[in-house]
Every structure is written in structure tokens, then in C-alpha cells.
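Novice: Would you mind keeping the following structure in view while I ask a few things?
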């Protein structure tokens, strides 16, 4: 064999392959560990029981500062019998020294600890050092001792994770609705129930049915006046009291306005919508017109005015938040566009989905629905667990709350969480945040369409399912939208026939740039159409509105049970499906008769288009969408981050004040006391004057002058004629005619009325009293 060459073993030799495999495996496992020691991530490769020290070295000067520090750290670690595991995170000059492998015995470890401590304590390059100990940390989670909380799947669904409102993470960050008051406008709230009593707000409550401050529900024959109490429990039921359940905003205050347990008028509704509107922030209204599939109704003139006034003046000018349920007429083919409360631009219209995310049998659909949240569904699915009244057959807790009546309070509670982190959200800010953060939920019945601005909407689910985490994180960084801009078209006279399907009537209106210049309206929020249509069967009409982008809204759905022969008289339909789209362009209203009966043809008499929106441009909307998505990690959801809030307006609580019975009783008592004191004072004055007159009577022919009644003298009224002195009282004075001297005869003519002066002269004449000179008088006296 030539010198200098060695025999290399072949890979297929008997032991060659196993050796190579072992080497490769060793490299695979050991290299990452060795490399990991040079990074902060290498700390995870150390045994839990290994020794380690955090060491802060004195900083060095020079261009190669970092390299010098690493060399110094290696030297110090070696001197201490340790290994430099690398810099700790991004902290300059901070390094982790760890125990070398192979010193796992207790005695060896203790000896190494003492050696390391001695070296590090005396080394001149070490500024600070600390042996690392295992720290005990626990994930922050919410635990309640309320017995029914595990059954509140809508708050924390353990059976089907993700099918809930995603609120526990918000609670963990101490966002519970603190500082916010929600009022339930309903049939009363039993505020003495232990789940509600600690959070009850008497200042925000009132009973409009009995006209007193206490909204306590009254027992009824049907045992049905528990509705408001159940809704209140959903919002603010107190946690950790070992009773029933927990509210979604359990740190908020809850008030009640009792108005549905008796006759209801337009004026009562108006009072309810604005009652204590500087105390109450959110009005939860789980009621509306009959859900019978044939009613077209809503707030009347005063109710509409109160809603508008509430969003303008309520909550110190930021606007009251009105949350309304979309309705439970689904089994009657009803539609919430025929409900004026759900149709209003001033309300947050909330629908329902069941535990599986499907539209329940009772739920209504409409183009004005903003969002949905959870409620009960079919009998096989769970309903909402909440507080109940304990009157009559109630136990204080129920597992059977359902309907959109149960969905609206959940939305109100989530809005309370939003207002805690951002109290200055306006009523339109709340609507915008819902639109921007609601999540699309799969349902085969949902007709999801994405509009020009990128928002997806369905007539069944609105913009989607409310998510408390997304709502609160968005609210935390939200800056207010621009002012509300609007455009109203002229009243468009048509008088055109409505043909039967498949034909249709189509009318157009073009909104130009010039039309929008004055208001500055650029992008849409709500679009409203007011129509007057005659038709022998109202339920056979179908109305669709197309925005300039082509987005279709079914604003008037056919209803099989609506046989009203009067059609529509200035009824306003609205849609939110064009939210964020450009306002300028051609709007198309398409109407057709889908009935199968040979009836008289309907007539579109007139219609009017109203646009609501803001000066935001499409680019502004895109930027806001991006900003909100960046906040969904929760990085801003802490107390150290707060955007400044503008001060609210100082608005009086109410223009008028309803006098309560207790106040009236107090006023009556005060009035009676005032009358008594007045009479007493008058008697006292009268008696004192008589006593004075008897004490200071005519002495030596002289009497006090002038008389006590100065008012009579000043205004020139006649004084009653009365003798000033008798002949017996005069001392050294001619008294021949003294008994006929009267006050009226002694007064100057200018102090008497004409009749009194004549009377004075006549009485002198009748008595034939000759004039005589008065005696010498002291000042202020006559005789």
C-alpha cells in the first residue's frame, strides 16, 4: 500500500452503516441544542431542575461592543464553572449562565452553587446577578360558583367550543360593563332578586303603568310578567353569589322601566324612551308590534320624536343606545321591515340564531337587521339560562328563556362592555363597530352577499354574529365617525300600475354629485324608501331596492297572512345592506304583485328616497377595517392604553318632572304648614296692634298720628271714620264739638277720595259742628 494513503471503510461494510446513522442522528439532535444555547430560546433545553443565573455585566465601549461583551460573558461564566447560554432577550449586557451537563447530583449541584455565587459576587465585571428560580404562574381564567353558569352555553360553550359570544377573554381583562347603566323597558324588573339587587339602579328606574319610581312587576293571571326580569338577568346577573347564573355585563348597573303591563299610548312610549336618559346609557327593548304576519306598525309621532331626541341628547350628547329585537313572527312568515322599531335608523336591530348557528323557526328576517346573537331554538336545543322572578310560580332562575327577546339583552350587555372601555362612543359609532366586527356564520338559509365596501350581509343574520372580544377590542381604539350626513329626494309622483309577476314596475332616481355637495355625503349607512301604494291585498306586494353598486335589498317581502286592502300609506322601509358603499348613482325600486288571485291592480302613487351616511370615503373605510383587524390580538386591551374622550354636553335630565306621590305628599304638607304659619302671623299682628292701641290710647286729648295703615295713605284710599278722642279725654281744650271729630274730617282732601271728602263735609254739616282750632299738638299727633 502506498505511503500516505489509508483504507477508508466502505459504507456497506458490516458496521459502517450503523455508525453513520448514529452520527447523523447525533448531529440532528445535538446541534440544535448547542445552537440554542446562544439564544434566549435555548433556555427551554435546560432541565427544570438545573442551576442558572441571570448576570448583568458592565457595558463596554468600542465598535465591537457586542462581541466584546460575549467574550467577557464567556470568560466570567467559565470562571464560575458555568456555561454562557446567551443574551437574555433584547436586554443589553444581560446573560444567562447555566449549569453544565453531568452535574445532576445534589451534592455536586450544591457545591457548584456555592462556587458560582462566590465567583459572581466578587467578579469586577459583574454588576448584578441572580439565581433563577422556578416561578409559579397560572393562566387567568374566570371561575364562578353560580350553579347554573356551566349551563350558560351562550357565554362559554364547552360542548361546542366557539359557538358562544366569546366573552370570557374580555372578563379576564376586567371588562365587565363597569360604569355603564342598562335599562330594560318591559313589564317590570323584580330588583329584589339576589341576582339583580346588588346591581340595581333605582335612579334609572320608573313605573309608567303605576306612575311611581318602583318598576316591580305585578303578578298576573297568566304568570307572564317575568319577561323584563329575565332580560335584566341576562345583562347584569351578579356572579359568585352561589345563585342561578351570570350576566354578560355583570359589572354594569341595571334599571327597569315598567310600561308593558297595562294600556300603552304614544306618549307613554315617548316618555319611556327618554326616561332618565342622562343616567341610562342603553335601552333594551325586547318587544314590538304583533308578530302575526299581517301587522304594519311602529312608533308613532311622539315615539319617533323621542327616539330621535334620545340619540341627539341622551348620554350627555353621545346618544342613547336603543337595542330592539327583530321579532318572533317567523312561523307566520312575518318580516321585521314591517316593524317600525326594527326599521328605524336610530335602533340596533338584533335577530337570533340557535346553539348550532341556524336561524330558529320563530326568527324574522329583514334588510334592516344589523346583527344576530344566540337564543333558544327547537326543543332539542338548549335555551338561555338566566334570572327569573320569584313571584307566583317563579323560582328566581330559569333555563327556558328564548326568542329574539333573549337575543336583544345579550347584545345590550355586549354594548355595555364596549362603553366601559370607550365611554364616548356615539350611537352611530356603536352601529359602525357592529358592522365592522360581526362574523359571518354558515347557515344554508342565509343569503350572504358581499357589498362594494367589503361587508357581507344576509337578510337572516344581518352582518353576522356578535362577538364580544371583537366588539370590545374595536371599541378600545375607535375614533368617532364623522357627522351624520343625509340626502332626501323630492316626493316622486308616479301613479303607475304594479304588474303581476313575472313582470314588475321599476322606477329610478339618480343622485348626482351636485345633490350631495351641500351635505358632503359620500358613503352610505342606512337607505330608506317611503312609499304610498294602493293594493287590494297588501301581502301580495314585493319591493326590492337596488343601490348604485347593484346590491339588492328585499325591503318589502310578501306575507301570505296580510290581506289588508289599504296597501301602504307613507310607510318607510329601510336597509343596511349598502353600508359603506358610495352614495352617488342610480337607485332602482322594483315592485311586483306576486299574488295568485285575480284582484284589482295596485298603484304606486308616490315614493321618496332618503340616504344616511357620512363624509367617509371608501379609502377611509378600508383603512378603518385594517386598523380594527390589527387590534383583534388584544394588544390594546389594557388600562395603560386609553384614547382621550371629548367631554359630554351638559344636558338637563328632563324638560319636565313627573311628580311622584311621595313628592306630592311632601308639597301638600309644606303648603299646609305655610298656610298655618300665615294665619298665625296675621293673628299675631292683629292682636299686637289692638294691644298697642289700648295701651297708647288718647292721652290728654292726643292720639297717635298717622294711623297705622300706611298703604291706605299712600294710595289715597279712604280710611274708616272713627273718633280719635272724646270730650272726656281732652284736658284744657274746648270740647264742645270734640265728640264729632273724625279721622276722615281731619285728613287733607288730597289724601281722601272724592266720595270720602264729600262724605266728610256732609257729616260736618249734618252735625252742625263749627270749625274750631285744634290744640297745640306734638309732632305726629292730632286731636
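Cβ coordinates are placed from backbone N, Cα and C, and glycine is handled just like the others.
What Swiss-Prot lists as active site, charge relay system is 186, 227, 405, and the listing cites sequence analysis. Residues annotated as compositional bias 'Basic and acidic residues' in Swiss-Prot: 215-225, 765-783. Per Swiss-Prot, the feature domain 'Peptidase S8' maps to 152-472. Annotation comment: Swiss-Prot describes 480-617 as domain 'P/Homo B'. The N-linked glycosylation site annotation in Swiss-Prot covers 166, 174, 240, 510 and rests on sequence analysis. For 195-228, 761-783, the entry in Swiss-Prot reads region 'Disordered'. The topological domain 'Extracellular' annotation in Swiss-Prot covers 141-666. What Swiss-Prot records for 688-783 is topological domain 'Cytoplasmic'. According to Swiss-Prot, the transmembrane segment annotation covers 667-687, on the basis of sequence analysis.
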Novice: Which recorded positions are spatial neighbours of residue 227 (active site, charge relay system) here, meaning Cα within 10 Å, out of 174, 186, 240, 510?
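Specialist: Cα filter at 10 Å returns 186.
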Novice: Between the Cα atoms of residue 510 (N-linked glycosylation site) and residue 405 (active site, charge relay system), find the distance and write it as a whole number of Å.
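Specialist: So the alpha carbons of residue 510 (N-linked glycosylation site) and residue 405 (active site, charge relay system) sit roughly 40 Å from each other.
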Novice: If you compare CA-to-CA distances from residue 405 (active site, charge relay system) to each of the recorded positions 166, 174, 186, 240, which comes out shortest?
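Specialist: When the Cα distances are compared, 186 comes out closest.
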Novice: Cα-Cα separation of residue 186 (active site, charge relay system) and residue 240 (N-linked glycosylation site), in Å?
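Specialist: About 27 Å separate the Cα atoms of these two residues.
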Novice: Work out how many Å separate residue 174 (N-linked glycosylation site) and residue 166 (N-linked glycosylation site) at their Cα atoms, rounded off.
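Specialist: The separation of the Cα atoms works out to 15 Å.
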Novice: Just to verify a number: CA distance, residue 166 (N-linked glycosylation site) to residue 240 (N-linked glycosylation site), in angstrom, no decimals.
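Specialist: Per the Cα atoms, residue 166 (N-linked glycosylation site) and residue 240 (N-linked glycosylation site) stand 20 Å apart.
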Novice: Give me the count of other Cβ atoms within 10 A of the Cβ belonging to residue 166 (N-linked glycosylation site).
Specialist: 21
Novice: Name, in the order they occur in the sequence, the residues of the same chain whose CB lies under 8 A from the CB of residue 240 (N-linked glycosylation site) and which sit 6 or more residues away.
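Specialist: Correct list: 144, 145, 146.
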Novice: Would you identify the secondary structure of residue 227 (active site, charge relay system) according to DSSP, in three states?
Specialist: helix
Novice: Cβ neighbours within 10 Å, counted over all protein chains: which one of the recorded positions 174, 405, 510 has the most?
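Specialist: Going through 174, 405, 510 one by one, the largest Cβ count within 10 Å is at 405.
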Novice: Translate the DSSP assignment of residue 510 (N-linked glycosylation site) into the three-state scheme.
Specialist: strand
Novice: If we count other C-beta atoms within 10 Å, could you say which of the active-site residues 186, 227 has the fewest?
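Specialist: Lowest Cβ count within 10 Å among the active-site residues (186, 227) is 227.
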